[in-house]
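Colleague: Pasting a structure here, questions to come.
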């Protein structure tokens, strides 16, 4: 089982960072929240359908254990689709096989005002940009935020079925009750993406709101008696709100980090923090406390609270840095001068491009 889960993690490792970076190459800053959310909808739908599939497999007679059948079915579908994507998914607009030559040029030109670097430069690895990423406060805020919120994700995702069972539901019904939780995640995702698309500079505030809703959900689970099992189930649905921040955090990286190597470095660091958080989180869910898991709930609550703190730090940093740059170089207009265009095509970082401003 441990070996299977290891290779499952290996297969998952490139999904979120890769999709996030590719999305950033094709879409303008203001378009990215909704586009990042669009592919993350698949995660929400999987949570909805996954409970039903697991329930069905659990009730089906088979010579294999249920978990083996689940891995074979879902793993087979995922692997097959992954092979197809390897051939049809481009790693830049300039290589998109579904676009004509003129459409490729337009796709590249329309994203130049993002000021996040030329697509053609993405194949060049620059150690200087790695050093820039290590020294960048926004990178550390994003990494610490990702680690903290995934203390909750690692524990509550792994033990959600058992937690629901602790509310007084049967084991199989607890699998089905994960479906409305996936639906609530989808609702929060759509609301958040809509807000961030139509209200400028609202991404970080929307993320803080989602994490706050998740904190309220954990408080409901932790403080209410078992006789309020429906309300506690609603609380667990509220907890799923912070998952809507995953595509938003990726859109912050693709919008606010210029330089292909620097952007990749921060994306990988965030995913590493995601993995470590998911490893550490379940360690607070002691078997002796089943099915209440009071220590795990407390750790999740602390992680989410710290997540709000680091998002606040990120918002303050972006605001301060934008004002500092405005004082030095003046307010930047939408138009590009020749010098700006050359900086972007030379794959400079956001620290090196004087006209770069951070979106919040």
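Glycine too: its Cβ is placed from the backbone N, Cα and C atoms.
What TrEMBL records for this protein is below:
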type: DOMAIN; residues: 1-324; note: domain 'Major facilitator superfamily (MFS) profile'
type: TRANSMEM; residues: 6-27; note: transmembrane segment
type: TRANSMEM; residues: 39-57; note: transmembrane segment
type: TRANSMEM; residues: 69-89; note: transmembrane segment
type: TRANSMEM; residues: 142-169; note: transmembrane segment
type: TRANSMEM; residues: 175-199; note: transmembrane segment
type: TRANSMEM; residues: 206-224; note: transmembrane segment
type: TRANSMEM; residues: 230-253; note: transmembrane segment
type: TRANSMEM; residues: 265-285; note: transmembrane segment
type: TRANSMEM; residues: 297-318; note: transmembrane segment
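Mind running through what each feature is packed against?
Modeller: A Cβ distance under 8 Å defines the sequence-distant neighbours of the transmembrane segment (6-27), meaning residues of its chain 6+ beyond its ends; these are 35-36, 39, 75, 78, 82, 89-93, 107, 111, 114, 116, 119, 122, 246-247, 250-251, 253-255, 263-264, 267-268, 270-271, 274-275.
Sequence-remote contacts of a segment are chain residues at least 6 beyond its ends whose Cβ falls under 8 Å from one of its Cβ atoms, and for the transmembrane segment (69-89) they are 4, 8, 11, 22, 50, 53-54, 57, 60, 62, 97-98.
Long-range neighbours of the transmembrane segment (175-199) within the same chain, counting only residues 6 or more positions beyond its ends whose Cβ lies under 8 Å from a Cβ of the stretch, are 30-31, 33-34, 36-38, 40-41, 43-52, 54-55, 58, 160-161, 164, 169, 206-207, 210, 213, 233, 236-238, 240-241, 243-245, 247-248, 251.
Long-range contacts of the transmembrane segment (206-224) within the same chain: residues 149, 152, 163, 188, 192, 195-196, 231-232, 234-242, 244-245, 248-249, 294, 297-298, 300-301, 304-305, 307-308, 311-312, 315, each at least 6 residues beyond the stretch ends and with a Cβ under 8 Å from a Cβ of the stretch.
For the transmembrane segment (230-253), the list of distant contacts is 16-17, 19-20, 23-24, 32-33, 36-37, 39-40, 43-44, 142, 145-146, 149, 152-153, 156, 160, 163-164, 167, 177, 180-182, 184-185, 188-189, 191-193, 196, 203-204, 206-207, 210-211, 213-214, 216-221, 224, 263, 266-267, 270, 300, 304, 307, 314, 359: same-chain residues at least six beyond its ends, Cβ to Cβ under 8 Å.
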